[in-house]
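A.B. asks: Under the heading active site, Swiss-Prot lists K194, citing sequence analysis as support. The ATP binding site annotation in Swiss-Prot covers D37, G38, E39, R96, Q97. Residues annotated as Mg(2+) 1 binding site in Swiss-Prot: H131. Residues annotated as Mg(2+) 2 binding site in Swiss-Prot: D170. Annotation comment: Swiss-Prot describes R196, D220, D224, T225, G226, G227, T228 as D-ribose 5-phosphate binding site, evidence class sequence analysis.
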Amino acid sequence: MPDMKLFAGNSIPKLAKFIAHRLYINLGNAAVGRFSDGEISVQINENVRGSDVFIIQSTCSPTNDNIMELVVMVDALRRASAGRITAVIPYFGYSRQDRRVRSARVPITAKVVADFLSSIGVDRVLTVDLHAEQIQGFFDVPVDNVFGSLILLEDMLQRELKNPIVVSPDIGGVVRARAIAKLLYDTDMAIIDKRRPRPNISQIMHIIGDVANRDCILVDDMIDTGGTLCKAAEALKERGAKRVFAYATHPIFSGKASENLKKSVIDEVVVCDTIPLEEKIRLLPNVRTLTLAGMLAEAIRRISNEESISAMFEH
């Protein structure tokens with residue numbers, strides 16, 4: 001069996017260290033930095049010939065820098081004769097640009113990034129809760145999309161919930177919310193119907209479902225500015241919800257997210273560590289982070305040992 005090696009870019013060093021600890025190995029010795037003109041500099045400082053190499057790198061903000069860092073690391077490892085290279089991308093940037101809207105003259109940037117990674121020598125991709133599952137089909141290499149939402153579900157099950165109801169913040173999240181509701185005591189589900197006048201600006205219209213005197217669990221794959229989430233929580237409280245908890249895998253938290261969450265009526269926001277939090281977000285009393293290190297470490301171990309990934313999620 002080829003020797004397994006784990007390398008990390010600069011996007012999520014803390015999660016990378018946690019994963020390495022769970023696998024009882026050290027992170028690979030690589031210098032990943034910048035030249036004086038800002039160009040990316042990578043040097044692999046150990047032998048990787050024939051090794052089964054995993055590179056941990058979320059392509060979060062600064063998205064383009066992190067993508068290029070990953071790409072340059074892949075090229076360096078490929079030229080150093082690594083046996084197999086798996087890109088472990090907990091958060092896949094550009095995932096919301098996965099389609100053309102009618103006849104709009106816009107790119108499908110998720111496909112562009114997938115083509116880029118496939119063409120430079122990535123043999124496999126491991127990612128978490130893709131915004132759109134069809135993105136897996138954009139790649140010319142195998143993609144394992146694991147479910148970080150199950151880590152969130154474990155936290156939900158440990159709460160002392162009073163008459164809970166799972167709430168989808170929009171029509172597009174109904175499938176996700178229904179799956180969580182089924183696993184959460186097969187509870188009821190509500191849907192928030194909203195209109196989005198322009199990107200990152202949303203207006204709550206009405207709630208489909210009875211949320212009065214209930215603990216509401218808002219579930220989504222990501223939180224960006226938090227505007228949608230905070231307005232959803234206000235609408236739920238106005239309709240009589242007792243408590244509102246928000247769960248999301250990817251904490252993008254861009255723009256006015258800190259201000260929005262600070263003023264929000266949400267009782268608690270629970271996210272995963274696919275993206276590092278800025279200090280002003282991390283210090284908010286109503287934001288809590290769960291780690292995916294254990295899940296990702298097990299997925300990496302299974303890939304390296306040619307074992308089933310889907311078996312991790314069989315109940």
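Think of each number as a place in line: the chain as shown, counted from 1.
Using N, Cα and C of the backbone, Cβ positions are placed for all residues, glycine too.
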A.B. asks: Count the other Cβ atoms sitting within 10 Å of the Cβ of G38 (ATP binding site), across every protein chain shown.
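C.D. replies: There are 7 of them.
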A.B. asks: Using a Cβ-Cβ cut-off under 8 angstroms and a sequence gap of six or more, which residues of the chain neighbour G226 (D-ribose 5-phosphate binding site)?
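C.D. replies: Counting only residues 6 or more apart in sequence, the Cβ neighbours of G226 (D-ribose 5-phosphate binding site) under 8 Å are F253, K256, A257, N260, L261, S264, V269.
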A.B. asks: Could you give the Cα-Cα distance between R96 (ATP binding site) and H131 (Mg(2+) 1 binding site), in whole Å?
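C.D. replies: Cα of R96 (ATP binding site) to Cα of H131 (Mg(2+) 1 binding site) measures 6 Å after rounding.
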A.B. asks: Would you count the other CB atoms within 10 A of the CB of Q97 (ATP binding site), including those on all shown protein chains?
C.D. replies: 18
A.B. asks: Long-range same-chain neighbours of D220 (D-ribose 5-phosphate binding site), Cβ under 8 Å, sequence gap at least 6?
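C.D. replies: S168, P169, G173, R176, L229, A246, Y247, A248 - these are the non-local Cβ neighbours of D220 (D-ribose 5-phosphate binding site), listed in sequence order.
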A.B. asks: In terms of Cα spacing, which of the binding-site residues G38, E39, G227, T228 are within 10 angstroms of the residue listed as 'active site'?
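C.D. replies: Close binding-site residues: T228.
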A.B. asks: Tell me the Cα distance separating H131 (Mg(2+) 1 binding site) from D170 (Mg(2+) 2 binding site), rounded to the nearest angstrom.
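C.D. replies: With distance taken Cα to Cα, H131 (Mg(2+) 1 binding site) is 14 Å from D170 (Mg(2+) 2 binding site).
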A.B. asks: What is the number of other Cβ atoms found within 10 Å of the Cβ of G227 (D-ribose 5-phosphate binding site)?
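C.D. replies: That number is 20.
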A.B. asks: Considering Cα atoms only, can you say which of D37, E39, Q97 is the nearest neighbour of D224 (D-ribose 5-phosphate binding site) among these binding-site residues?
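C.D. replies: Sorting the binding-site residues by distance from D224 (D-ribose 5-phosphate binding site), the top entry is Q97.
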A.B. asks: Roughly how many Å lie between the Cα atoms of Q97 (ATP binding site) and T228 (D-ribose 5-phosphate binding site), rounded to a whole value?
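C.D. replies: Cα of Q97 (ATP binding site) to Cα of T228 (D-ribose 5-phosphate binding site) measures 19 Å after rounding.
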A.B. asks: Cβ-Cβ under 8 Å from the residue listed as 'Mg(2+) 1 binding site', same chain, 6 or more residues apart: which ones?
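C.D. replies: Listed in sequence order, they are F92, S95, R96, D98, D221, M222.
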